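K.L.:
Here it is, the structure in full.
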Amino acid sequence: MTKPPLTLYLAAPRGFCAGVDRAIKIVEMALEKWGAPVYVRHEIVHNKFVVDRLRDMGAVFVEELDEAPTDRPVIFSAHGVPKSVPAEAERRNMVYVDATCPLVSKVHLEAERHHENGLQMIMIGHAGHPETIGTMGQLPEGEVLLVETVEDVAGLEVRDPERLAYITQTTLSIDDTAAIVAALRERFPAINIPRKEDICYATTNRQGAVKALSDRIEALLVIGAPNSSNSRRLVEVGRAAGCRVAQLVQRATEIDWDSLQGVTAVGVAAGASAPEVLVDEVIAAFRERFDTTVELVETVKERVEFKVPRILREAAETP
């Protein structure tokens with residue numbers, strides 16, 4: 001039986017960003033240095049495939065520090081943690097490694113700098129997301145006000161409209177964030193803006209790659225976890241760009257094939273915590289059902305790398 005023709009357009013860049021790659025290496029190197037088990041507070045990155053692989057290697061994932069014994073090392077996830085977490089680890093004399101993405105740490109430092117200068121912070125982010133919790137937890141309670149939508153801006157009650165600054169979660173929709181920033185600047189003209197955009201390069205690049213696909217495709221598949229903020233934003237970007245079908249799938253087994261009937265051009269993107277092996281799995285699934293042509297649509301090359309913490313570098317360099 002002849003397979004129907006279909007073109008897969010692969011978004012590039014896609015998949016692992018430098019912060020995710022660094023965080024995964026930290027867990028792997030910690031296991032090599034200290035042996036299993038190594039405890040990780042929260043999923044190191046939001047991807048089940050990655051977490052399951054590290055669990056098989058000996059990582060134990062917990063949600064709170066008190067679930068980890070004091071005699072084993074603990075790693076903080078790439079999303080960042082409130083200041084109270086490392087303080088508690090030190091109080092308990094625990095060995096810990098902070099895998100917070102350096103670009104998230106930059107936002108933390110930015111918030112602290114503004115706080116020291118007497119400014120009240122407004123954070124654009126998603127309530128309950130670990131990154132938002134970690135960033136807001138850098139300052140005393142009440143010093144950071146959270147907004148999620150343009151509508152939230154109207155309801156803000158600030159101490160002094162002349163003494164404000166805003167920061168953002170690094171994995172937001174660029175377009176949605178721009179609208180919220182515009183609302184903030186309209187209501188609070190004196191608000192201090194970041195020296196550099198807080199939304200990270202990888203989020204920006206992956207959303208740009210999806211937009212570049214949009215005029216060629218009828219459907220979009222985003223490979224990523226449902227709790228991955230940046231992956232969910234890619235689905236939203238695809239829908240906003242006019243994709244009739246935009247699915248978020250963790251594995252090829254989750255693809256809704258019925259929704260792809262009659263489709264001849266599909267875009268494939270991957271969130272910043274999705275490994276390339278899952279992209280290969282999706283391509284293989286399409287080749288089983290379609291006469292598949294694969295085309296790469298590359299918008300930018302990424303060359304960003306982040307070093308792992310010194311405690312692990314020294315272990316790796318020791319002969």
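Glycine too: its Cβ is placed from the backbone N, Cα and C atoms.
Annotated active site, proton donor per Swiss-Prot: Glu131, in sequence order, evidence recorded as sequence analysis. If you look up Swiss-Prot, you'll see Cys17, Cys101, Cys200 marked as [4Fe-4S] cluster binding site. According to Swiss-Prot, the feature (2E)-4-hydroxy-3-methylbut-2-enyl diphosphate binding site maps to His46, His79, His129, Thr170, Ser228, Ser229, Asn230, Ser273, an assignment based on sequence analysis. Residues or ranges marked as isopentenyl diphosphate binding site by Swiss-Prot: His46, His79, His129, Ser228, Ser229, Asn230, Ser273. Positions annotated as dimethylallyl diphosphate binding site by Swiss-Prot: His46, His79, His129, Ser228, Ser229, Asn230, Ser273.
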K.L.:
Spatial neighbours of Cys101 ([4Fe-4S] cluster binding site) among the binding-site residues His46, His79, His129, Ser228, defined as Cα within 10 A: which are they?
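P.N.:
Near Cys101 ([4Fe-4S] cluster binding site) by Cα: His79.
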K.L.:
Of the recorded positions Cys17, Glu131, Cys200, which one has its Cα closest to the Cα of Ser228 ((2E)-4-hydroxy-3-methylbut-2-enyl diphosphate binding site)?
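P.N.:
Nearest in space to Ser228 ((2E)-4-hydroxy-3-methylbut-2-enyl diphosphate binding site), counting only the recorded positions, is Glu131.
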K.L.:
How far apart, in Å, are the two Cα atoms that lie farthest from each other among His46, His79, His129, Ser228, Ser229, Asn230, Ser273, the residues recorded as binding isopentenyl diphosphate?
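P.N.:
In whole numbers, the farthest two Cα atoms are 15 Å apart.
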K.L.:
Considering only the binding-site residues His79, Thr170, Ser229, which residue has the minimal Cα-Cα separation from Cys200 ([4Fe-4S] cluster binding site)?
P.N.:
Thr170
K.L.:
Within a 10 Å radius around the Cβ, which one of these binding-site residues has the most neighbouring Cβ atoms: Asn230, Ser273?
P.N.:
Ser273
K.L.:
Rounded to the nearest angstrom, how far is the Cα of Cys17 ([4Fe-4S] cluster binding site) from the Cα of Thr170 ((2E)-4-hydroxy-3-methylbut-2-enyl diphosphate binding site)?
P.N.:
12
K.L.:
Could you check which of the recorded positions His46, Glu131, Ser273 is the closest Cα neighbour of Cys17 ([4Fe-4S] cluster binding site)?
P.N.:
Ser273
